[in-house]
Amino acid sequence: MTRTLVADLPSHLDETVTVYGWINTLRLQRRMQFVLVRDHTGLIQVTHARGGEGDEIEAAFERVTAESAVKITGKVVGNPQVKLGGLEIVPERVEVVSPAEPKLPIDEHTGLDQRLDWRFLDIRRPSQHLVFAVQTTVEQAMREVTAEEGFTELHTPKLMGTASESGAEVFKVDYFERTAYLAQSPQFYKQMAIAAGIDKVFEIGPVFRAEPSFTSRHATEFTGVDAELAWIDGVEDVMAFEERLLQRVLRRVSERHGDAVTEHFGARVVVPETPFPRLTMADALTKLRATGWDPEGAKDDLDPEGERRLCALVAEETGHEFVFVTRFPASVRPFYHLRPEDDPTVTESFDLLWKGVEITTGAQREHRHERLIAQAREKGMETEPLAGYLNCFRFGTPPHGGLGLGLGRLLMLLLGLPTIREVTFLFRGPHRLEP
RNA sequence: GGUCCCGUGGAGCAGUUGGUUAGCUCGCCACCCUGUCAAGGUGGAGGUCGCGGGUUCAAGUCCCGUCGGGAUCGCCA
């Protein structure tokens, strides 16, 4: 028995096919039974004239419930009366593969918290399914670009022997007779790949943050997109790579899903021009303060309101939704960010903001062993736990830089959704570990 | 972790200032129904008002605690 997708039915007019899917809607009338069946590619009406006693199809449709899994064999018939594509299937055989219980726990009005409890049902809905189709295209486009540009895709360890770089909270795991930690980023390992002579490295993988952050843009487990490039001339090379990456991603999403994204989410997929605008942190702060923004105390960093305002300003002035903020002060950046000779109080670093949200952090890295140690000590860090990382820099490490981008944030902003939970298959937060 | 908001049939919401049998829409069940297509019509079932305690003659409503959800800040991809 060969399966035919609903989207392919127009090519099978007057043929007998078998569709596999779920019962979407039942309209059982005295003489006719109308049944809508949905697969992941669309919806089709199945129309059966009742045959009375002994009619097994009639009986099957009387018993079946919404969301039951079915296989239906029948003839594809053109019928202008049918508002759904002018096609219907006249059934010859109906098999209820797996019935659904009559009372569904969610419907189209259900709130997000309960939808997440029943996420496998929630994602059957076309709009939810679209999220992961878009995500697939995003990752495919990233792999196009990285493949073209000579990257090697690695999968770095997620079990670590020490807590990693930034001191952000880590999850501890029992590891035989010792304690391991779930990786907060692949930062150290991708730099080890650079030291290994892998010229450009790239990973899409999970990271874990034991942060009690109850916001719409945080999760305790999320997917990071990380890249590291060797032999760069400066941090500009990293930003330029990210521009190429994101331009391609948005182009591919626009081509394959632009209309559907607008239909389901009301969002427009805009392919950006490059280069994206750049502002140093100092310039960004000056611009923001001119608008009246001034969070409590003198800050060297942007708060979320500052990020939103800066994006709005830049969009107004340049038409760009993206903006790089560069040269963050050393005080707010990790010890391994390179400090320029001309001004060692700042770093050769950047954040990329999109639609008011930080989606990427990146930098050129300090590649000289002595300076790394000095910068770590200056920040009050013990170097002994970092030995495995620092050893990479003792044997001719080239200049390099990289970035970390949050896939969930990208998707959330791309689709215009209010929370990262909407774009995560199975969300993990401080209070959610199920399903 | 801070601040604020919310929790009422399966879902989404009403339920001024405490007071009759807690209401509506959708869903569910039953019956009806000339091709329905957000189908329609008639009838029915279903709610410890998150949980615990308090005030009061009387609490869904007021007070305290607690659990859960959301917004936002802290934090950050």
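Keep in mind that glycine also has a Cβ here, set from the backbone N, Cα and C atoms.
Note: TrEMBL annotation is automatic and uncurated.
Per TrEMBL, the feature domain 'Aminoacyl-transfer RNA synthetases class-II family profile' maps to A:132-435.
Around A:Thr361 (L-aspartate binding site), the same-chain residues at least 6 positions away in sequence with a Cβ under 8 Å from its Cβ are A:Ser349, A:Phe350, A:Asp351, A:Leu403, A:Gly404. Residues annotated as L-aspartate binding site in TrEMBL: A:Glu165, A:Arg209, A:Thr361, A:Arg365.
Among the features that TrEMBL reports, region 'Aspartate' is placed at A:187-190. Counting residue by residue with DSSP, the region 'Aspartate' (A:187-190) contains 4 helix, 0 strand, 0 coil.
What TrEMBL lists as ATP binding site is A:Arg209, A:Ala210, A:Glu211, A:Glu358, A:Gly406, A:Leu407, A:Gly408, A:Arg409. All protein chains considered, the CB of A:Arg409 (ATP binding site) has 22 other CB atoms within 10 Å.
Taking a C-beta cut-off of under 8 angstroms and a sequence separation of 6 or more, A:Arg365 (L-aspartate binding site) has the following same-chain neighbours: A:Gln191, A:Glu228, A:Tyr336, A:His337, A:Leu338, A:His400, A:Gly401, A:Gly402. The number of other Cβ atoms within 10 Å of the Cβ belonging to A:Glu211 (ATP binding site), over all protein chains shown, comes to 16.
Long-range contacts of the region 'Aspartate' (A:187-190) within the same chain, counting only residues at least 6 positions beyond its ends with a Cβ under 8 Å from a Cβ of the stretch, are 154, 156-157, 164-165, 201, 203, 226-228, 336, 388-389, 402, 404.
Taking Cβ-Cβ distances under 8 Å and a sequence gap of 6 or more within the same chain, the neighbours of A:Gly408 (ATP binding site) are A:Ala219, A:Phe222, A:Thr223, A:Ile420, A:Val423, A:Thr424.
Note on proximity: of the binding-site residues A:Glu358, A:Gly406, A:Leu407, A:Arg409, the one nearest A:Arg209 (L-aspartate binding site) is A:Gly406, by Cα distance.
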